[in-house]
């Protein structure tokens, strides 16, 4: 498997709010790779955002590329990961963002901190397995186990001697940074007999929430305070799947990944650490939605909630599982068809070159600008029996254009197409946004907005569209560039649950996309040849001509 600097997870990047970091990525593997700085807004700098064929082509084996990672308003915990194929399963790590030097957090300074990265473990070459499934139209592989800091933990014999252990001192308070780097699963996480206080999420602060567990979607991060005030002993920290798609897949990864919290001191260690008895069951929707519904922005004088109020663009986007018909039912998916996914019945197709370059150089034929504000047709999106024409999406590379400084409201509507309703964690590149409302059933444009929270909604970069429900977000389009929108379940991304938002330049250089760096990784033929005015790097030219 491909890893960074011989470690799984990869190294932690520590910065202060407002810093700029240069990361030189040398690809010593045998396939192309890109890196995305998840939750980092990268103002005016989509060139270093990272998703393959959206803002760059992969860094080829034996070459390198330097990312300029520009931090702005983020504060707390984010993460970085590969954004090419399924390589992010092993290529990822934490980003710790401290306050500006001389300032403090809105909660008392903790005595220490710990990072828990929750991930997925696969036996075998995961990229090869996924490629085969994409060719045949089959479902994507399920993980063989979940991991905490690279280890499945005590319940699997392969890691009983290497379970992650965290030593704490009685009476001290710790900041726990939790990252869900799993490929296709929401996760419950808790620590036996210890309450945790949620104080941050996705690089923003939230009003403190005391609970004995969290639910966290792929891509999300949470900051928790934990006070070590229990009897001296050993306690399991456990991550297990929160599963909402049982009707579709033939089972799921039911492993319980574990780490161990261990107290310092003189005591007899127990034979077995204590297990968190209040951790919800795999399919406990009520526990998950109740927790999510408590999240609120801090919305203080120092950390205001600047919710857009003068909406200029409204969108309703349906989020669906689909299929593409195969001749003579020759594929390995549903009823012999190929599995697909869509947004507003549009299944995204990656272009042969990156969209950012095509947009910046005004190249035609790479994408179209007709991603709709509304679904092609309205129906009972969450009904049990939906008409056939809702299951076959239109394929293409369609993007949404926005003018600079537009105030945007998007409602993501979950569907029961193919009788496969489930949660979908939607992630937006280049921005954070406010989650102003959510609910179950079909969104009602007349009554539901009356209950929107415009005072202290949570500010995040990844939001869960609830099973058979909807969620509404708002943001101001003040970061020009080409920005990816996608479900953070990797299999749904591969099947087409994506689109691209292009925010046009403002009227000044300070409100426009920065020029491209001297070198960008070249695209493999057959693809668009490099424009003459961009081919100003000898290194680019040599690599491209060699291919």
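Every residue, even glycine, has its Cβ placed from backbone N, Cα and C.
Unlike curated entries, TrEMBL annotations are predicted automatically.
The shown structure was predicted, so the numbers you read here are calculated from the model rather than taken from an experiment.
Straight from TrEMBL, the features:
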- 2-99: domain 'Plastocyanin-like' (DOMAIN)
- 115-266: domain 'Plastocyanin-like' (DOMAIN)
- 384-505: domain 'Plastocyanin-like' (DOMAIN)
As a quick check of your reading of DSSP, tell me how many residues in the domain 'Plastocyanin-like' (2-99) are helical, how many are strand and how many are coil.
6 helix, 42 strand, 50 coil
Per DSSP, what is the helix/strand/coil residue tally across the domain 'Plastocyanin-like' (384-505)?
16 helix, 56 strand, 50 coil
Check the domain 'Plastocyanin-like' (115-266) for me and report the mean pLDDT.
94
